[in-house]
């Protein structure tokens, strides 16, 4: 049975743990790690059947078959290279870290050298399969428009640096327009989907992103427009925010669970 270690015990990490605990994912939840030991112990205690150990990063990496990173972009930079060098496959949720070209090339190179897998779930969007398919023929443009309630954008570096008073907004307001490379740095906890779209399609510099704050919304909305040799398509998803973290969409956790199930399933459906 596949041994899984989870680094990052927030909303998504917790949802994955509960999916394993319930038997939805047929794997062994072997270990947990978090910058807050109390959070990791609290999560472990809340489970019914699984009894994961709390481990430091190095011990966890050496003990499991698959590391699930659900912590932060900084965690990707620090942890994922270690895991790959140890011959351990990794599922990355803080995909925005890969906007760093040097890090991206390093991770891809290590995965190839050590015969490991890097998994990037679709996250809070739909249409990654279509982008993957369209890329084979050629894509001319990709645009992501993200709309969120102001509470879901609080604390973002771009908001802080520009002194944007989100709580005072009374109508839909465009906060940012730029490349995916710029977006994931400006909103590291909000637009990881921009990174996933970039990896599947035409890259971080050609993928365009628009971030909108809308006080009338109660959901996180992501719309993707793609054009190319194949024709064009548009996808739109209206996500319920996580009750624990309004910056995270519930669908992002479901996507991570689905990816783990796909890894374990001998039957593969879809692109």
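Cβ from N, Cα, C; glycine included.
The NAD(+) binding site annotation in Swiss-Prot covers 124, 192, and the record cites sequence analysis as its basis. Its Cβ placed at the centre, residue 192 (NAD(+) binding site) has 29 other Cβ atoms within 10 Å.
In this view, residue 222 (active site) is surrounded by 25 other Cβ atoms within 10 Å of its Cβ, with every protein chain counted. The active site annotation in Swiss-Prot covers 222.
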Run through the Cβ atoms and count how many others sit within 10 Å of the one on residue 124 (NAD(+) binding site).
25
Cα-Cα, whole number of Å: residue 124 (NAD(+) binding site) versus residue 222 (active site)?
8
